[in-house]
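What follows is a short report on a single structure.
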Amino acid sequence: MTRYQGDLAFHSITRKSANQVTEPVIPPIAAEAEVVAVIPAKEKCEENLECLDIDFHAPSLVEDQSFYVDFKDGDMRNPVNFSPARKWVMTINACAFAGIVGAAVSSYAMGYSSMIRDLDCTLFQATMGLSMYALGVGLAPLVTSSFSEEFGRLLFYIISSLMFMLTEVMIALAPNVQTVIVARFLGGAFASTGSTLVAGTIADIWLPHQRGFPMSLYSVGIVASLGLGPSIAGWIEANPSLGWRWIQWVHVIVSGVYFISVLLFMTETRSAVILTRMARKIRKDTGDGRYRARAEKNKPSLASMIRISCTRPLHLLLTEPIVQSFSLWIGFIWGVLYILIDSVSGEFQSVYGFGVGETGTVFVTITIGSLLGYLANVCQERLYHKYVHRKGPDARLYIACVASVVLPAGMLVFAWTTRPDVPWIVPLVGITFFMASAFAIYQVVFVYLADCYGPYASSALAGQSLCRNILATVFPLFATQMFDRMTYKWADTLFALIAVAMIPIPYILFFYGSRIRQRSPISRKILDIEEENKRANLEKL
């Protein structure tokens, strides 16, 4: 029987007591779902269950007389039993949305010139659209993640992709820059709602040992698309008859095609939601209210789930040193990346005389850097498996220690070589090194926090995501004034020096991470949960 530990019902284990049922209770015939009768006497009822065509599994002991609905072994309604072809179609489809919303982040900046001309706005106002997108990405999942747990993933794929497409239409038809800013915020909110479902979808349909490559595809897609978007948008902006509105119309077309693909190829993958619907149908068909899905037992209210999803990430962000340090580190890197998206076009135009189409092509270095960062993480995985028995979660940090040094080195190369007497390829090498390190660190942050915080991993990751996107919101707003007063060279140098100051973060955690976790109340609570689960498993044996 497949167990889904994300459901609260699976965390409670009740011991046998004197008042529990000791005689077999045979559930009525209801449907071709597996129905687990909550009784301990397997031998007395196996024969009757076979006659009823119901698979018997060792039941859970509970105080009530519920019949738990679960998947049969090999049941094709169970998402983990989908065919490999179907799994890959759904995985690629889900990752495609992450790539679309990633491209929408950066391609917007390529249309600044024509937008300023057409809407009679300032550069700062145009930049607000870039920042508001990041703010929407950071805030929306705190609330919407609970809704997807309650109502399933498919509904939110449909809503998110449709509404994201409509926000792109809103931008393309905007009569003023204020409409653009509002639409960008809404676009970021719907984009994050959809793209954050991807990791959950991958976890739903792939077994743990199979998730490595699909998750890497998701990460590469969302970051590499930051480079592909401007590469195309730059040439659209370069055409006088097209401009910024057609950048948005292209997004509308691509998003529309994706929305159709969601309707054609995506299905519900959250097992708790599927089983709940199955149990509800059985109750309706039989009139027997004892049929339940395990997810329905001790189910928290939606309001409670929203409250926890909004407050727990903030609590971890404000109280846990590991979450704080990694959130500030990746937040700073993300802020610099958004400044790069905002400013690299103008910098290469002023220094090398590039046209807007050529500066868009410069962003290919982000894609190349992401691929190099992915290869670095392949090496990191080998090191992790070799040393995890000695270092525990801190074995995830080998590549982060290297990347912490390469990151400011790449920034300094970019800062000090972007001048007319140095070939333009040299600063692009600096951007590539920066992006490769940024991607490697981005990957490490996710897996390291997940390892350290176990059952609270989603909250820890939500906390770092909030910090990361808030800094990505703020950084572009002061970038133009900073470059005007300090010049590109010294402003980029300042960012590189801040990155140098952050080099100790992975080293401190690598050598002292275990001691830091021992002093953390949350980490001690996680250890208690793990010990309780171990004892429960031994008792069941």
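Don't overthink the numbers, they just go from 1 along the chain as shown.
Cβ atoms here come from the backbone N, Cα and C positions, even for glycine.
Feature annotations, reproduced from TrEMBL:
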{"type": "DOMAIN", "residues": "88-517", "note": "domain 'Major facilitator superfamily (MFS) profile'"}
{"type": "TRANSMEM", "residues": "88-110", "note": "transmembrane segment"}
{"type": "TRANSMEM", "residues": "122-142", "note": "transmembrane segment"}
{"type": "TRANSMEM", "residues": "154-175", "note": "transmembrane segment"}
{"type": "TRANSMEM", "residues": "181-203", "note": "transmembrane segment"}
{"type": "TRANSMEM", "residues": "215-236", "note": "transmembrane segment"}
{"type": "TRANSMEM", "residues": "248-267", "note": "transmembrane segment"}
{"type": "TRANSMEM", "residues": "322-341", "note": "transmembrane segment"}
{"type": "TRANSMEM", "residues": "353-376", "note": "transmembrane segment"}
{"type": "TRANSMEM", "residues": "397-418", "note": "transmembrane segment"}
{"type": "TRANSMEM", "residues": "424-449", "note": "transmembrane segment"}
{"type": "TRANSMEM", "residues": "461-482", "note": "transmembrane segment"}
{"type": "TRANSMEM", "residues": "494-514", "note": "transmembrane segment"}
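Within the same chain, the transmembrane segment (353-376) stays apart from the transmembrane segment (122-142): fewer than three Cβ pairs sit under 8 Å, each pair at least 6 residues apart. Across the residues of the domain 'Major facilitator superfamily (MFS) profile' (88-517), the predicted structure has a mean pLDDT of 88.
Stretch with the most C-beta contacts under 8 angstroms to the transmembrane segment (248-267), considering only 88-110, 122-142, 181-203: 88-110. Most Cβ pairs within less than 8 Å of the transmembrane segment (181-203), among stretches 122-142, 215-236, 322-341, 424-449, belong to 122-142. In this chain, the transmembrane segment (88-110) does not touch the transmembrane segment (461-482); fewer than three CB pairs sit within less than 8 A of each other, excluding pairs fewer than 6 residues apart. For the transmembrane segment (215-236), the most Cβ-contacting stretch among 88-110, 154-175, 397-418, 424-449 is 88-110 (pairs under 8 Å). Put simply, of 88-110, 154-175, 397-418, the stretch with the most CB pairs closer than 8 A to the transmembrane segment (122-142) is 88-110.
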